[in-house]
């Protein structure tokens, strides 16, 4: 009898371990999945106008800051790995956008980071300029973090900045849709996956007692996701076609 109880306890513990491992894997790679349909949409249409590359800017800044936040306050390793995967995903999206835009470009004039023309900030011609900007931002964060790492206030502020930027993830897309008065070129599947992912990760944050900043971030993201989905309904006369 005692042996059966022990076996049942071991089976239960094993099941929870498996579920925990699956949830962690979903957290690491799940954030990148919504960009797959948008990537395919851009490839098929050879048009980037419906997708805001400033989404990539927001996520790159947020995840670079989150990595330095992890250095100062080591929370789950899962969230650190998620940041690395997300940074690589954003670079893939930017690389595709640069290729498509350069192929479609009529003017021979190029806009480069070192031109220091703020009008073309994050609208550069070469993918290398985006890499250079992120490298410079990372070096700046590294120097400041090295100097102020012993300050608990600085570390918490770093975490708050990271989640504040991440919470604004969908805002550039929301504003671009408003400016275009259309959601054409934006993958609705991407936004639906955003919403599902944000609900999942917010629940994950609560269950794993992650820092409060993460829960606030997830909640704000869900609200913005819903606002974008409402734009789809408002701007599209044939929502079913969009969903297809």
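Backbone N, Cα and C define each Cβ position, glycine as well.
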Where TrEMBL places transmembrane segment among the ranges 110-129, 130-149: 130-149
Within-chain partners of the transmembrane segment (51-71) [C-beta distance under 8 Å, separation at least 6 from its ends]: 38, 41-42, 79-80, 83-84, 86-87, 90, 93-94, 97, 122-123, 130, 134, 137-138, 141-142, 145, 149, 155, 158-159, 161-163, 165-166, 168-173, 175-176, 185-187
